[in-house]
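Quick notes on the structure that follows.
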């Protein structure tokens, strides 16, 4: 039987009251500082490998110097190294990484391995939200097959999936911080596949609704812990572009669902939508089992400690992350952390609220597309599905904006000071106004039935703001709460999913009362009122973070 203290090793460091919310683990900072100094030594070294072996990002002395200066000037890095050395000198029983270049540290993995993991996580993060909207075009067939005329039940088949997105992360994210990312990915992926089969064979409308909720719970795993996985693999100053790729999933997935569903529903029927989802998800799940390995450093170190205890017989050995909490207290602290962060952190609550509003607008717009383009512009069901691509084009433009500027802004501003997560919010400050602009264009061009390309242009503007809002918020949360990244992103996913599930239910009544023009104008005015939120946290976020750091 394992030592109870060793069972509590994976996450005990995350429960210390003295740990600041924006500190990163000492080993990671030591690793970053070491590589930053190497990057600034000679330009010839810049063309070989960065800290992850990615030569494209350090192929100029200017880029390398910025990164090196930023890392050398990090006071957190210096203090963590001193603390690490002090602990090692005092207690020889502490188990740590074998130096800054330890190959078992995910930060030191080969570039191909890191990028493969990020690609697989991003893929499953695309597939899961795809399942949220893929049934939207099949709702009329579902109601007809089950002999129901209740339109609200039809909408519930779609929205209850998002309620599963809200419930799942509250359990999945904390468990990933106890037992690692991989067990949660694998278990949830298998459950998702089984529940997808159930949805494809559902005998009644009520069973379909219940299975869709459970399907959403299982499918929430990549939304809950994907950001944490990227935090495990990529240091802060290089994290932006990878978070941008990851964030495409929650936005492009719901957009491509109706595109695929529009044609497949007419050709094969609504049940084939679930079989298609199963084939896509099952393929990625099989690859995940073969390729992916644990990325969470705390769990890796706990496993190393247990192996050394068994090998040496020295049960006094303990992980550098272990502060001796009992398993019961560890469970209690970890499981309630996402809820506490959502309630007690103004940063997570307000930014998640703003992002949830924009994300809810996405699903609300979905309810208007069949009416606007089917009745106003007389598009067929299949062609109506294609209009969702306007949102996708906006997402791609938003990704380019974020990918080009985010990491460059962080390095440029941090060259003479500390790496501050607030620098991630600057692209969001620039583009937040594209959300109300897009809503105004879409609403009033549809109201007066001008050429069909104009409302689609409006959705492009909205898509830009949606993507930048999502990726900036997620990247900022991961950078600011690195040690609790999974719990922080889970708290964000909960609010985003609740609003995404409930807001569309109010759409038909609102548009019936106000019309498509003034209805979208109301949404635009609300979005306009929220535009200062990113600026507030860009300016005052650091102060707010430090004032609330010990709450959870």
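The backbone N, Cα and C atoms fix where each Cβ goes, and this holds for glycine too.
Residues or ranges marked as region 'Disordered' by Swiss-Prot: 1-102.
Annotated compositional bias 'Low complexity' per Swiss-Prot: 16-27, in sequence order.
Under the heading compositional bias 'Polar residues', Swiss-Prot lists 38-47 (among others).
Positions annotated as compositional bias 'Polar residues' by Swiss-Prot: 71-80 (among others).
Per Swiss-Prot, N-linked glycosylation site is recorded for 73 (among others), and the stated evidence type is sequence analysis.
What Swiss-Prot records for 118-138 (among others) is transmembrane segment, and it gives sequence analysis as the kind of evidence. If one looks beyond the transmembrane segment (118-138) by at least 6 residues along the same chain, the residues whose Cβ comes under 8 Å of a Cβ in the stretch are 157-158, 161-162, 165, 185, 189, 192, 196, 212, 215-216, 219-223, 226, 229-230, 233-234, 242, 245-246, 248-258, 260-262, 265, 269-270, 273-274, 276-277, 280-281, 284-285, 287-288, 291-292, 363, 366, 381, 385.
Sequence annotations record features per position, and here Swiss-Prot assigns transmembrane segment to 153-173 (among others).
Feature annotation from Swiss-Prot assigns transmembrane segment to 182-202 (among others); the stated evidence is sequence analysis.
Sequence-distant contacts of the transmembrane segment (214-234) (same chain, six or more residues past either end, CB-CB distance under 8 Å): 52, 106-107, 109, 114, 117-118, 121-122, 124-125, 128-129, 131-132, 160-169, 172-173, 176-177, 181, 184-185, 188-189, 191-192, 195-196, 198-199, 242-243, 246, 249-250, 295-297, 474, 477-478, 482, 485-486, 488-490, 493, 497. The annotation transmembrane segment is assigned in Swiss-Prot to 214-234 (among others) on the grounds of sequence analysis.
Annotated transmembrane segment per Swiss-Prot: 244-264 (among others), in sequence order, evidence recorded as sequence analysis. Below 8 angstroms of C-beta separation, residues 118, 121-138, 222-223, 226-227, 230, 272-273, 276, 359, 362-363, 366, 369, 381-386, 388-389, 391-392, 395, 399, 402-403, 406, 463, 466-467, 470-471, 474-475, 496 of the same chain, each at least six residues beyond the ends of the transmembrane segment (244-264), sit close to that stretch.
Sequence annotations record features per position, and here Swiss-Prot assigns transmembrane segment to 272-292 (among others) based on sequence analysis. Here the transmembrane segment (272-292) has long-range neighbours at 116-117, 120, 123-124, 127-128, 130-131, 134-135, 138, 182, 185-186, 189-190, 192-193, 196-197, 199-200, 260-261, 264-265, meaning same-chain residues at least 6 beyond its ends whose C-beta is under 8 angstroms from one of its own.
Other C-beta atoms found within 10 angstroms of the C-beta of residue 314 (N-linked glycosylation site) number 10, with every protein chain shown included. Per Swiss-Prot, N-linked glycosylation site is recorded for 314 (among others).
Residues or ranges marked as transmembrane segment in Swiss-Prot: 346-366 (among others).
If you look up Swiss-Prot, you'll see 385-405 (among others) marked as transmembrane segment, on the strength of sequence analysis.
For the transmembrane segment (425-445), the list of distant contacts is 358, 361, 365, 394, 398, 401-402, 405-406, 409, 454-455, 457-466, 468-469, 472-473, 476, 516-521, 523-525, 527-528, 530-531, 534-535, 537-538, 541: same-chain residues at least six beyond its ends, Cβ to Cβ under 8 Å. The transmembrane segment annotation in Swiss-Prot covers 425-445 (among others).
The annotation transmembrane segment is assigned in Swiss-Prot to 452-472 (among others).
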- line: Per the Cβ under 8 Å criterion, with at least 6 residues separating them from its ends, the transmembrane segment (385-405) contacts 137, 240-241, 244-245, 247-248, 251-252, 255-256, 258-263, 362, 365-366, 369, 373, 379, 426-427, 430-431, 438, 452, 456-457, 459-468, 471-472
Leading stretch by Cβ pairs under 8 Å, where the reference is the transmembrane segment (452-472) and the options are 153-173, 182-202, 346-366, 498-518, 521-541: 346-366
Positions on the same chain near the transmembrane segment (498-518), where near means CB under 8 A and six or more residues out: 151-152, 155, 158-163, 165-166, 356-357, 359-364, 366-368, 371-372, 443-444, 446-448
